[in-house]
Structures are given as structure tokens and as C-alpha cells.
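K.L.:
Next up is a structure, given as C-alpha cells.
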Amino acid sequence: MIKDYNDYKKAVDTLKKWAYYYYVLDNPLVTDEEYDKLYHEVEEYEKKHPDKIDPTSPTQRVGDVVLEGFEKAKHLSRMWSMEDVFNEKDFLDWVGRVKRILGHENFSFYIEPKFDGASLNLIYENGKLIRAETRGDGEIGEDVTLNAKTINSIPLEIKEKSLIEIRGEVVIKKDDFDKLNEERLKNGEPTFANPRNAAAGSLRQLDPKITAKRPLIFYPWGVGVNSLNYERYSELMDYIYSLGFKEPPKRGVCKDIPCVEKKYDEFVKLRDSFEVMLDGMVVKIDEIKYHDILGYTQKYPRWMVAYKFPAIEKETIIEDVIVQVGRTGVLTPVAVLKPVEIGGVIVERATLHNFDEIERMDIRIGDHVIVIRSGDVIPKITKVLTWKRKGDEKPIPRPTHCPVCGAEVLDEGALIKCQNLSCPARVVNTIIYFASKNCLDIEGLGESVAKLLYEHGLVKDVTDLFELKVEDLEKLPLFARKKAENLVNAIKSKVGVECWRFVNALGIEHIGEVASKKICEKFGVEFYKHAPEEFEEIEGFGPEMVKSIAEYIRVNKEKIEKLIEILKPKNPEKKEVQKTPFTGKTVVLTGTMSKPRSEIKKMLEDMGAKVSSSVSKKTDFVIYGEDAGSKYDKAKKLGVNLLSEDDMWKMLKEGK
């Protein structure tokens, strides 16, 4: 019986310990009955003394608030995607790239399972869980703190007091997934397609009480912002697990490639027997000092890959082939399949890529084929079982005319294009893309509405969206006045949209969200007034990207200007740069320094320096730390100014 606050605190600590052993270590210390008894005693004390409730008490995991929607939440540091490798050759190619960048092969690999769930970012400050965010687009997610607190394997309090982002995957056991679907069937509710959908859907419930009923598990796999000082990723993760998080099986360190391949084989064998869904193995360079040297592409860190499991394959029949027309006019053949279940998902369609591929594989309607599905990759046909042919299979001819507008197509071999800019499919898909989440994000303007607007002659180009009137929309099927007003207001609200969203919405080939942000940071809204060679200066922009931008601007200059006049996009806020000896200079960092290189890089960039990854005659300074390598030698050879890290700090202090 709890008599006073001291008894209460002891009871809470005991409950925390029991919960940790049960949910994290899978090693219960007491019976469920004993746990429930103490839990209810703690609850009773808290009801009588609401002013003395410990916020980290297990009873506080579930709140009574039902949200109207989720607030957007900006991650303290970006949550990157991961490059996928699907076989030994792909993996060896990645290792080869790492060796080339580092200039040696003195590194090891940290290995861990790749869970097939929903990514979550936890932020702890002063040891308390202050926020939990979904991955979102990698920079901005949704605040799901109340739901995350209901997951028993997420500690509400940790011993690490510094600000830290702990990242991981929310998953559900396969058995629990089956039980959940059985329950939903009984209640007449739609079932979840697979455990990942169940985990993601449970995490995004507006009522935390529903999330609390779902047996979700959280496995950490990394960190974002942190002030930890570890030399190896494996040591860093050892520390994270010591904070009270659930540790996955089979993680470890490999010194060489044969060890990695052996681990991969072990994971493949573990795949079916493991309690939650795995879709591969994550391989990271263990030495943290090499992470900054390896750097990042526009999407991925170069120091890690997801070594995916072999795809699951099934046999089925091609019942038909339809041809889709994208916003760029490319005709893509898609196989309509006899429905087949692959890895818990019903597959009814598979990409055929292009008509050259159809001819190469001799694919016909009516063929028995092998279809594979791997992770998020669109299902595809890998083999035609020609020996099962009966003679009534139909060849698939190359189209000579667009299946949507009837215009003659341009056949370039692998690509067949409809060149009619007014083709309904091209126009509708352009509108859908323009309004999509990572572009203008116009609420209520999805595929069905875009088709309606086009079919009723209200929109022939994205610029027409801004001429829409409530009275015109009211005449459309299923458009009541309120819905019409909402759409018009949603479109009008995009005036003053961020520059990068505007550029991304233009749909320039090879230019996605990350590239759009770089264009806006460099040139702002008037990017279209700059010469092609100026785009070459942007880090990561290759010849194809530059050519694509130049061609788009040449053809669409008037349209860009009209949209700018309508939307008045906002340029990124320019940070006020304090004048330093490095302002406007090109700098290269090399060697091990007293602070993480990423920190020094950001500091220099905030001062207006351009921090490059390679040394050339245009480099102003090479700043070196301990064990400086080939960049130091190259700078010496080219006569580039060499500064030790101490010299850098001295120059900053003296301001010269």
C-alpha cells in the first residue's frame, strides 16, 4: 500500500524496472497480476494527488486528448534516405566507392537488421522525451509525441542529459499483426495490407488510446543531433541501447567483406523466423571520423547502405497490357496481372519499363510469368515461362499513336513519347504533380479532381488553376459550394509559397526537391535568368541536370514569369553573414579535428565560405587536422594555402 510520496516514488521506480524487463528485455521479473496490482496502486495515489504525479510514471503513457490533426515538426537535423544494394556486385561497387574516396581500405563495417516499419525521431532534452516526429520528407515530419509515449519500449526518461535525437523504427510483431487483422475483420473494419502499414497507421492515430492498444515496438538505429563523442558507430549504438532501448538481434562489427557476406546469409535465414518483418541488413562504416569525409549525395549518406533481401517472387498470368502516359509524354507499358499475394501484399500490376524490354523478353498477353517484389520497388516481371504457352498468347505491338490523344508518337527506341503538349494525360498528370505534397501541396486537388477540371474544360494548363471560380466549380459533379470554396481558397493560399516548392512544381526533368532547394539558395526566384554554366557551380549538379534546366527555361520562360507574377514565391531568407577571413572563400577540410568536421563545415558556411570536398587551383584554403591525407599533398603540390586547425581558430580570433 502506498502511504506517502516516498512510497509512490519507489513504486514508480519499481514499475519502470518491471516494464523495462518485460517490454525491452523480454524477460519478465513478475507475473502480470503482480504488475497490474502495483500499477493500480500507483494510479489510485495519482488520482488523490494530481499535483505530485511523476511525468515519467508508466501510468502517464496514455493521455485523454484526441487530436484534430498532427502539427508539422522540423527535425533538428535531416533524416536521410538510404541507398539500396540488391546483390553482392552492388555491395562491392559501394565498398569500391568508399575505398576510392578515402584512398585506403582501413575501415570496418557496422551491421544491423533493417526493419520494415515506420521511422520515428525522438528528441530528448535534460533526459526527458520532449517530442517524437515521423520521418516525413526527411526535414519536416509530424508531431506524434502523445502516441509515441504509449509505446512501452520508448523510455520517457533517459540518463543522457544533453540534447539528442534518437532515431529508429516502429514495428509490430507478425503474430500481433495477424491478431489485429482478425479483430478488425470481426468488427467489419478494413484490414491492414502488411505489418509496416499497421505500424505506420497505428502511429498516426489521432486518438492516443487507439495507439496504446496496438502492441508497437521501437528499435533505435541511429542518432541525429547529439554531443556524444564516440569514435565508432558500434560504440555509439552500444551507449544508446544502454539508455533503456530495445536491442535488435545479430548486430555487430565486421572487419572484412567475407564477414559481411556471412552476416548477410545469417540475416536471410533469420528473415522468416524473426518476430517482426525484416527487409534487409544495414551496413555502415563503423569509424565515425570517415563519415564526413565520405559525405552525402543529394539523397543518401555515402557511408551506409541497405543490403536488401532477395526479392520474393511468385508465378502469375498477364491478363492485359495498358499504356500509361506521364506528364513528360513518355509511354509506359504496364502489365495487368491475375492477382497474386507477394510478401503480404496483393499484386495486380507490374511495370514493363518500355517496349524494347517487352521485345527483348518476348512478353505476350496470356503468358505465365515470374513476378518479384522487393521492399518498395514496383513489382516487375523477371521471367517468361515460355514452355507453358498454349499458342493463343497475343504479342504486344509497339504503339504508333498516343493511347490517350491519338497523336503520332516519337519512337526513340527505349523511349516512345507523345509530343502533343495538349494531350489530356500529360496535362492532367502535370496538374497532379504541380499540386502534390512536395510541390505546391494544394489540399483537395488530387487525381480525381484534376481529371474533372480538365474534362469540363476548366483547366488546360496549371496557370488556369488560379482563374478558377466557385460558381464554375459548383457545376461539377460532387462539388457542393463548401467544397468549391475550399479548393479555391486552398489554391489562393499558395501565393507566397517557398521558392523551392515553386521550382519543384515546375516538373523539370532530373530536378527534385533537394535540387530545387539548392537552386533557390543559389539564385532565388530569378533562377531562370542565369546562364547554364552558372548551374554547374552548384554542388552535385551534373551535365544532365544542367542541360535539362537550360532546355526547360528556353521552352517555358514565359510560363515561369507568369507563374511568378501569380504566386509571388518567397526567396529563402539570407542569413546575415559576419565578415571573416573565410567569407567568400573556397575551403577544403581534411584530417581529424578537435570537433566533428560537419560542425566546422557548418560554421564556415555560416560565415559565407564555400566548403568543397575536393582540392583544385580555385581552392583558397585547405584546413587540416591530424592524419591529413591526399588532399593535403595535393594542396601542397598546387600551392594552395595550407592552414592547421589551430591557424584557423587563430585567424578567426584575430579577424585576419
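A Cβ is built for glycine as well, from the same backbone N, Cα and C atoms used for every other residue.
Look at Swiss-Prot and you will find ASP32, GLU33, GLU34, TYR35, ASP36, SER81, MET82, GLU112, ARG135, GLU169, LYS284, LYS308 tagged as NAD(+) binding site, backed by sequence analysis. What Swiss-Prot records for LYS114 is active site, N6-AMP-lysine intermediate. According to Swiss-Prot, the Zn(2+) binding site annotation covers CYS402, CYS405, CYS418, CYS423. As annotated by Swiss-Prot, domain 'BRCT' applies to 577-656.
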K.L.:
Using DSSP reduced to three states, classify CYS402 (Zn(2+) binding site) as helix, strand or coil.
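P.N.:
SS state of CYS402 (Zn(2+) binding site) = coil.
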K.L.:
Tell me which of the recorded positions LYS114, CYS402, CYS418, CYS423 ends up closest to ASP36 (NAD(+) binding site) in space, Cα to Cα.
P.N.:
LYS114
K.L.:
Out of GLU34, MET82, LYS114, which of these recorded positions is nearest CYS423 (Zn(2+) binding site) by C-alpha distance?
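P.N.:
Spatially nearest to CYS423 (Zn(2+) binding site) by Cα position is MET82.
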K.L.:
Quick check: of the recorded positions listed here (LYS114, CYS402, CYS405, CYS418), which one has the Cα closest to that of ARG135 (NAD(+) binding site)?
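P.N.:
Comparing Cα positions, the closest of these recorded positions turns out to be LYS114.
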K.L.:
Taking Cα atoms as reference points, rank the recorded positions GLU34, MET82, LYS114, LYS284 by distance from CYS402 (Zn(2+) binding site) and give the first.
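P.N.:
Closest candidate to CYS402 (Zn(2+) binding site), judged by Cα separation, is MET82.
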K.L.:
Excluding CYS402, CYS405, CYS418, CYS423, please set out which residues of the same chain place their CB within 8 Å of the center of the CB atoms of the Zn(2+) site, keeping sequence order.
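P.N.:
Output for this site, in sequence order: VAL325, GLY329, PRO403, VAL404, GLY406, ALA407, VAL409, GLN419, ASN420, PRO424, ALA425, ARG426.
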K.L.:
At the Cα level, what's the spacing in Å between MET82 (NAD(+) binding site) and the residue listed as 'active site, N6-AMP-lysine intermediate', rounded?
P.N.:
11
K.L.:
Reported in the order helix, strand, coil, what are the DSSP residue counts of the domain 'BRCT' (577-656)?
P.N.:
29 helix, 18 strand, 33 coil
K.L.:
Among all protein chains shown, how many Cβ atoms are found within 10 Å of the Cβ of CYS418 (Zn(2+) binding site), not counting that one?
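P.N.:
26, counting other Cβ atoms within 10 Å of CYS418 (Zn(2+) binding site).
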K.L.:
Counting distance between Cα atoms, which of the recorded positions GLU34, LYS114, LYS284 is nearest CYS418 (Zn(2+) binding site)?
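P.N.:
Nearest by Cα distance to CYS418 (Zn(2+) binding site): LYS114.
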K.L.:
For the domain 'BRCT' (577-656), what's the mean pLDDT in this predicted model?
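P.N.:
Residues in the domain 'BRCT' (577-656) carry a mean pLDDT of 83 in this prediction.
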